[in-house]
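TrEMBL lists Glu313 with the feature active site, nucleophile. Look at TrEMBL and you will find Phe132, Ala133, Val134, Tyr137, Asp223, Val224, Asp225 tagged as UDP-N-acetyl-alpha-D-galactosamine binding site. Look at TrEMBL and you will find Asp223, Asp225 tagged as Mn(2+) binding site. Per TrEMBL, the feature transmembrane segment maps to 12-34, 40-58.
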Amino acid sequence: MQNIGIPLKGKTIYRGLNVISLIYYYFYGYYFLFTFLSKHDGILCCLLMVTLAFTSLYSRYLENTIQMVNLPTEQEPRHSINLDNTLNLGARPAVQTSTSWNAPIIWEGMFDPNLFDQKHIEEKSSVALTVFAVGRYLDAYLKTFLTSAEQHFMLGLPVTYYVFTDLPDKVPNITLASHRNIKVLKVEKHTRWQDISMMRMRTISEAIESEIRHRFRYVFCFDVDQEFKGRFGSEALGDSVALLHAHYYKLPQARFTYDRNPKSKAFMETGDFYYHAAIFGGMWQNVKDLVDACYLGIMEDKLNNVEAQWHDESHLNKYFWIHKPSRLLSPEYCWDQSIWDKQDILVTRLVWAPKHYDTLRTG
């Protein structure tokens, strides 16, 4: 049998009418009794006491009833803002702003920075940044990387820089803002730069497992030979984040430098985009899955005496081909200033530092 209830507002009016009726009834009832019994003082005193007692009890009943009526029948659900729904995908008609699987590609003009920052501060988002400064790369790039990050990277959020180096004593002292820290971790220096690049995947995985996963929601992994130039903020945060390579985002897929060796675990015949391994990130679990998969592919290639064309970057592209990233960063987030065609780049957020491979790299 269907239960047809009286609406909350109707219940309030209905109970109010009951109260008025009762007051009317008791007032006139006691008035006539008082007139009739006025000559009998004892009876009148008893009647007055009964009346006062009844009034007190009924007042308490009314108070409780009003409180119950004013309580909501059920809690209103809180609606959380989906920040991606606030992105203006039509703000940049000259560039691609979304993928075939509906992941946004973040460009200047698409997002409200204040809205993103406020939401992530409310959600207490926190970020671990990993960077490797091994051998000569430490002196050449690390200080510029860290000082510029303090000016532009995830401002307003708790950030810890995890610096992996073979020379911990040479890491420069940097003035840090509140809730921002540096942690220096010693790593082995490999003979060849290719091995340094590839083995970072294992090192990042170990750091996530031992510490980062317990303290941070997001992880971003950077190459050290870069410099922040503009806002690199919370709009870049997502479940799984990949970066479009500045040299390939406008080229046809046939010119992407995927690994074409069928013997390699990084082998690809086709793909979606060409991603740059200089930056990748996301929720810690997703980053760990990525680096674990890349490391396993690298080690299997080593067992087969194979090396992917672009080392860890080739394996990263293979991973993102199979496991689509949920967020793509445009080349604004890692721009090579030697590229002459800059019409799409309204803001340079991070730039490639000058490369001195002849003096910095060994092997």
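Cβ atoms here come from the backbone N, Cα and C positions, even for glycine.
Within the group of binding-site residues (Phe132, Tyr137), the Cβ with the highest number of other Cβ atoms inside 10 Å belongs to Phe132. All chains included, 27 other C-beta atoms sit within 10 angstroms of the C-beta of Ala133 (UDP-N-acetyl-alpha-D-galactosamine binding site). If you count neighbouring Cβ atoms within 10 Å for each of the recorded positions Asp223, Asp225, Glu313, the highest count belongs to Glu313. Apart from Phe132, Ala133, Val134, Tyr137, Asp223, Val224, Asp225, the UDP-N-acetyl-alpha-D-galactosamine site neighbourhood in this chain, defined by C-beta within 8 angstroms of the site C-beta centre, holds Val131, Leu138, Tyr141, Leu142, Phe145.
All protein chains shown were included, and the count of other CB atoms within 10 Å of the CB of Val224 (UDP-N-acetyl-alpha-D-galactosamine binding site) stands at 21. For the residue listed as 'active site, nucleophile', the nearest neighbour among the binding-site residues Ala133, Asp223, Val224, judged by Cα separation, is Asp223.
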